[in-house]
Amino acid sequence: MSTATAAAVLGVEDLGWRPASRREPTLSGVTLHVPAGQRVLLAGASGAGKSTLLRALAGLLDPEAGEITGALSTPDRPGERGLLLQQSVHALVAATVARDAAFGPENAARSRAQIADTVRGALSAAAVDVDGEASPFDLSGGQQQRVALAGSLALAPDALLLDEPLSMLDPSAADAVHAAILEAAEGRTLVVADHRTARWLPHVDRVILLGPGGRILADGPPGTVALPAAELPPPPRPAPGAEVAALEAVAIRRRGGREILHRDLDLALRAGELAALTGPSGSGKTTLLRVLLGLEAPAAGRIRRPERERTAFVPQEPEHSFVARTVREEVTASPWAQDEAAAEELLERAGLTHLAAANPFTLSGGEQRRLAIVAALAQRPRLLVLDEPTVGLDDARLADVVALLDRAREDGCAIIAATHDERLASRADRTLALPARPAPDRPVSREITPVPHPRRTAARACNPLTLCAVGLLAAIGSFGVSTWQIGVLGLLPVLLLAPLAVPGWRSAVLRLAPVLLSAATLAWTTALLSPLAPLSASAWLLGAKEASRITLFVAPGVLALASVDVTALGDALRTRLRLPGRPLAAGVAALVRIGHLRGQWERILAARTLRGLGSARSPRVLASATLALLVDTLRGAEQQALAMDARGFAEADARTVALPSPLGRADVIGALVGIALLLWPWALRLMIG
Amino acid sequence: MTTTTGTARTRYRTIDLVVVAGIGAAFGVAFLGYGALYSLIGPLTAAFKPAEGLLAGIWFLPAVIAGLVVRKPGAAIGAELIAATLEMMLGGQWGWGTVVSGLLQGGGVELAFALTAYRRSTVPVAVLGGVLAASLEWVWERFAYYPEMSWGFAIIMLGFFLVSGALLCGALGWAATRALAATGALDPFPAGRELAGADRA
């Protein structure tokens, strides 16, 4: 060991870590050295401290968030130790795949030419098989994980530290990511934390089994370390009951699109049965669940399901459904689950009685999953619908969930679960397998390009700063409107120029509708509340002046902004105005994940309406949904910050950006338009005012 | 009480930046769903537009929550600016006016935290932040949107703004931050741990 220690690149010595929010340390007295080039598997149950130990090995424990004792080696340069997280979506920071891979080199303040080279190499080394201009947020989990791998490789790490990188993936995606990781790890140190060990054992030199507090229970070559294995009881074999739910020749569409994903889906589910809905991610499992729950209509076919009160749903993220302050209140939160005695019995069955007074959000992942399930069972559902109920759970926690589901089946509840976990799918009485969508097999581009937009406008030739200036100058100009005649004439050039900024009249009307509605309201308000006689002719003319003025104030900006892309704006603010790089990059990273955030918001609202807690318009539901969205955001932020720091963001004050922010002839024209819009109302005032 | 040096108190960790931006973006998304709240007071505002001021405080929530959580200069104004930028980018009805509002609302809340040198996360500070934000927003709306409104009505609108700023931004924002702290989601932040302390013990 002593020679190995001398060559160690990663190591902790008598390490202790106590998060500032806890009294007890989560790691204590851990000593571990990993020599350069070694491949290590960290095994152990959830909660043993695998993730924390990985953070420590990565040199990313935050001294402001807890107390560190002992010694740990720190990286000599940013990105020396690459880190991959369980949920790849948290690692994403950019609007395109190639820009995401460029994040690390940008933090290291490389030149544009260097960044382009590095990104090409990293995307290819991580076997990313989508175009560089694709949005990483639209990709499947497996592809996202490879994008995250590329992001690490772009900084030429000496070591790769992986925190359950496969646990959220379907089997074929897990195979692909596994292969990509092993290939990328060639010649590097590798530390993988995973409670599912079989896939890694043939490829590692060393297995370390962690117990509570990060205590090392066993440490040796594979085969010498006995790994705990949990046996599941045989699934119940219910006597065939009455039909509870059925799909008949159902067809579903991709969300928000017209394309038919699948046709002629049939399924009949009887009381006490478990149906598994399987298929790789992106195959439409979630869409089919939404159709089954009545959240959207099928493209064709018929669906039978129990009444709303007796159809319960558990989302993939249990936290998305939580609304109460305590575990006990959570179980009876739904108006369809008011039986207190039954709730106590369910808590007991789920082993949560000792946590009855705790805040649901503070439970561990496995406990939260069980709580969400018993809260659903408290509705005494005839049909229980679950989205990936076992994803990420280790064998012991899986067994707890399975026991709850088995018991519900014995009571006659029919269950349908969307799942890619074979451990659960193998217990099902029926399986509905959605086939994979064939991936287009073609060469991909790995170049860094601006964010693509489906529809072109003339205004896109301008720098985003120019477009912002046009809107601001026109807004200032609008204060020159002193009569309704000036206002109406003032709007003429805006109408004439609008086609340059939007792809068509339809789009212009769509963007301007809220503006015009507000202007009309302002006209009414002014006619009513000005010092003139309310609703008199002169008051209405004053209102017309105000409406035209506010339209001139707002419309040019709204139209110009239709052609502004957030990423390009961030680049322009960095290169042209030299704004501080880190806050800017954090802001852009937040704004490019809006699509993801809106998806979370919809899931959170749906989980509430399906529990009968009220419509999406009720203030109570909006308040609790906002809290859940904030919790989701804050938890994601912790992971995102970790992933960003592993890519050298903490010290990236001098960061560069991967693309230029050109100013050209179009910007001269844009500037002239802006000045003209600024002066026009004042000129009119001189002429006719 | 842990001691921190001056730079540690103002230097932004990555998580501070990501949380400020994230709170702004999350509210930007939630605000899209809040339009429904206006229909609740619809009959009132149709006849008397200034009554909309009763809900004004809701729009300053990102600033007060980010300020209470991160407690560093710029957190409040940064979160509000992100929320406003998002609203503007998604085609909000006031265009650049939204960003001006975001700067003034965030700036008002920021001012309250700055007055305590970013050391206090109490209800009075949050309420002061809401009131200052409401005042600045009122000045801007009076100037840009309602210059022709008579002074009498404008003063009534100011009253609505101040009440709303104090209650819906200040008190509600503080309560929301405390509820967030109780979930454990604020554990990486000293402010979150302090607020959660009472509930956990």
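Any Cβ shown, glycine's included, is placed from N, Cα and C.
Sequence annotations record features per position, and here TrEMBL assigns domain 'ABC transporter' to A:10-237 (among others).
For A:247-461 (among others), the entry in TrEMBL reads domain 'ABC transporter'.
Sequence-distant contacts of the transmembrane segment (A:470-497) (same chain, at least 6 residues past either end, Cβ-Cβ under 8 Å): 541, 544-545, 547-561, 670-671, 673-682, 684-685, 688-689. Per TrEMBL, the feature transmembrane segment maps to A:470-497 (among others).
Sequence-distant neighbours of the transmembrane segment (A:509-530) (same chain, 6+ residues past either end, Cβ-Cβ under 8 Å): 502, 539-540, 542-544, 546-548, 550-551, 554-555, 558-559, 562. Annotated transmembrane segment per TrEMBL: A:509-530 (among others), in sequence order.
With a threshold of 8 Å between CB atoms, the same-chain residues lying at least 6 positions outside the transmembrane segment (A:550-573) that come near it are 94-96, 99, 450-451, 453, 457, 459-460, 462-465, 467-468, 470-472, 474-475, 477-479, 481, 487, 490-491, 494, 497-498, 501-502, 507-508, 511-512, 515-516, 518-519, 522, 579, 584-585, 587-588, 591-592, 657, 659-661, 677, 681. Among the features that TrEMBL reports, transmembrane segment is placed at A:550-573 (among others).
The transmembrane segment annotation in TrEMBL covers A:668-688 (among others). Tertiary proximity for the transmembrane segment (A:668-688) is limited to same-chain residues at least six positions away from its ends with a CB under 8 Å from its CB atoms, namely 459, 462-463, 466-467, 469-470, 472-474, 476-483, 485-487, 489-490, 493-494, 497, 552, 556.
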